[in-house]
Structures are given as structure tokens and as C-alpha cells.
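Colleague: From Swiss-Prot, here are the annotated features:
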type	residues	note
ACT_SITE	Ser102	active site, phosphoserine intermediate
BINDING	Ser102, Asp241, Asp243, Asp245	Mg(2+) binding site
MOD_RES	Ser102	phosphoserine
Amino acid sequence: MSNRKYFGTDGIRGRVGDAPITPEFVLKLGWAAGKVLARHGSRKIIIGKDTRISGYMLESALEAGLSAAGLSASFTGPMPTPAVAYLTRTFRAEAGIVISASHNPFYDNGIKFFSIDGTKLPDEVEEAIEAEMEKELTCVDSSELGKASRIVDAAGRYIEFCKGTFPNELSLSHLKIVVDCANGATYHIAPNVFRELGAKVIAIGCEPDGLNINEEVGATDVRALQARVLAEKADLGIAFDGDGDRVIMVDHEGNKVDGDQILYIIAREGLRQGQLRGGAVGTLMSNMGLELALKQLGIPFARAKVGDRYVLEKLQEKGWRIGAENSGHVILLDKTTTGDGIVASLQVVAAMVRNHMNLHDLCSGMKMFPQILVNVRFTAGKGDPLENENVKAVMAEVEAALGNRGRVLLRKSGTEPLIRVMVEGEEEAQVTEFAHRIADAVKAA
């Protein structure tokens, strides 16, 4: 990934109005992508977006660029990222494009691509698009220009797909669920999925205004969800992020249930049902408690680099079907091709109904180790903090103190100028002190 100029671990992302997220760049990106994708056959592209106000501007720019390259665009309107992957597959489009910055604030946005089979674009295609960006934009002949259309039943198609991943013999009629859509792309999808399966749904974070996506709601801030679950005496709460590829849950006591715990529940249920193929994939950030709990069940566990594309690569390498990040990206390859918050949450709720257990009890077989994450902003060009000798020395001291009862991880964010410092161990006070000691060394580097 290091030789890329524009593409990061999750497409192209940045602040709207600053390079590269400008109308001029996105128009050129649409054209370059069109030139590359036109070589492959079909000339139709699916374009979806989340609820950010900048989505209107950027989809227009993308459509202009694609049209200039001779490709037609079909718009879904606000639609979860996994829905665009699904629709790309079912419409047999050449590619799908999502305009979203996922869990980031409204003033950020991004562009990510899906291939014809609903997976992230291969590295070589992204590199070919970057190479095309360096060329001068030329427009095809007027008779060859692409057209624009709208997919009017996109939401209904995806709702039916999601419901189809929930077992027919089960019903949610006895459950009260608070659903938090982060004022994002799932706002008109997720509440309907759970209602149509019989649940009593209380919806929050379902009033997008273009500016309030992920603002004190959704998977990255579950405080409003926790409060509402307790106030409503609900059975559980489910929070999605702005583009619906992440899910975090809340049990009836208001406790947060993260991606590691969701992976544990789904893996254990797969084992019970005789449907688990191989093991489960987590990441370098996955809690040690997950690894130990799966080991006790005899379920193999492997760690991938952080990023859902790396979880997917590890699953494909191992021939396994389920993987997740603790942030709530859950990939279930027997159901879909990419992280899907709604589909993942349905599998957890199915386990609750089938086993007549609440979410709190489903998690009880896994003891979470205290894990402290500190984000340190750094300035590009000042040198690599991860190569600093003092940082290395402090990290070595902490690792020696933890021994085999904990872990230390330092890594750069794939989407922001941040160093993420993670320390995990048995004692929360000790882990917190160690994390801040390393973070201070990174700041001073």
C-alpha cells in the first residue's frame, strides 16, 4: 500500500474541499476509473452514498467523469456500503462506488470501490486507476457518453436480502430492540429489517440532515443507545456507523458488546449448529480474551493486520468464513462479501432467540482483558515515530513488565495521521499507565 498516492486501506478519504476530496479530483477519478473499468466489459457502475451533505456534490462529479469515459452510472441514493456491494453483484455492474467516510464526521468524505463480485477492488486495479489519473482527461465522442439513472427499488431489494440471512423458523416477536442508525445510511433500512422480522423497534439516529452523521450517535458513540436501552427496558440495542459496515451492540444492562464479542457469539453458534468452517479471523487489535475463549472451544484463531480488507484476505488464505475487527466490522462470507452491520447483528439476535438467552449471557463465556487505546496525532515529514529509539526503548520496557500476560501494539492509522498505541493486560490501572507512558514517548519523538 505504501507506493499509493491516493488509495489508502479503505479507498480515498479526506476533508471535503481539501485535496483529494474536491470536485475537480473526484471528476478526474471518475474518468480514470471509467477508462480502466471499461476495459473489462460491462459499462454500468452503481453509485451509492451515505447521508453527508457533500455526497450530492461528489456523486455529480463522479457521474460526469464516468460519462466522459463512456460509462453509465446508476444511483441508489443513501445506501449502506454493504448494500452497494450486494447491488453491484446482483445488477452485474462493472463496479460499485460508495461515497462515504464511514465513521468519520460530516466534514470528511471518501470514495471506495467494489469489483463486479462485491469485494474490494484488487490492488492492481487501484494502481491502474492511479496511473490513469496522471494522464490528460479526454472525453469520448458524444454518441459514446454514459447515461445516468436511478435504482428506485434499491432499499427494498437490500431489506429482503438482509431478512433472507435470518433463519425462517425464528421470530423476533418477543424482542424490544433499540436501533441506532448514526443519522447515516442505514436510517431507512435497519429499522424496517427488524420490524418486518417481528421485533418492536425503537429507532434513534434516524433523522439525517447532512451534518449530523455519527454525531454523538452510532457505533463510535453508544452512550445515547445505552441510555435509551435502559430507559425503554429493551432487550438489546444495535448501533451502526455512518455507512452501515460496522455494528456495536448493547445488552439489556447497558453494557457495550464490541466486534470481538460479536465474533465470539457468531463463531460459537456456528460451532453449535455444525456450520463453522475452519476457524475465525481477528486482527492485531483483537482482545486476548477472544483468542482464549475461542481456544477453549477448540476454534482456531488467526490475526490479520488491522483493516477489513486484511481480514478478508486472511479468510480467503485460510479458507475460513467468519472474521471481525473489534471496531465492529464483521465479515461473514457464507452470507455476504464484505463487512455488513445489519447481517452480523441478525446472526447475534438469531443466537439469542435460538438459545433462549439474553445478549449479556451469550457474552459470558468470554472474559475481556482491559485494553487501552491512545491515539497520538503526528505530523508527516517529522520522521517516523515508530522508528524512534526512545519509543522502542519504552515499548520494550512495557513488554518486559507485561511478559506473557499482555500485549503492546503500535501502528499507524490507515485513514488518519495518527499513531495508535494499544496496551492490553490483566490489570486496568497498570495497562492505562503503560499506554500513556508509550503515548508520551511517541508525542516527544
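Using N, Cα and C of the backbone, Cβ positions are placed for all residues, glycine too.
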Colleague: Cβ within 8 angstroms of the Cβ centroid of Ser102, Asp241, Asp243, Asp245: which residues besides those meet this for the Mg(2+) site?
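Modeller: Neighbours within 8 Å of the Cβ centroid, excluding Ser102, Asp241, Asp243, Asp245: Asp50, Pro80, Thr81, Ser100, His103, Gly184, Ala185, Ala219, Phe240, Gly242, Gly244, Arg246, Gly341.
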Colleague: Cα-Cα separation of Asp245 (Mg(2+) binding site) and Ser102 (active site, phosphoserine intermediate), in Å?
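Modeller: Their Cα atoms are separated by 8 Å.
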Colleague: Should Asp241 (Mg(2+) binding site) be counted as helix, strand, or coil on the basis of DSSP?
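Modeller: SS state of Asp241 (Mg(2+) binding site) = coil.
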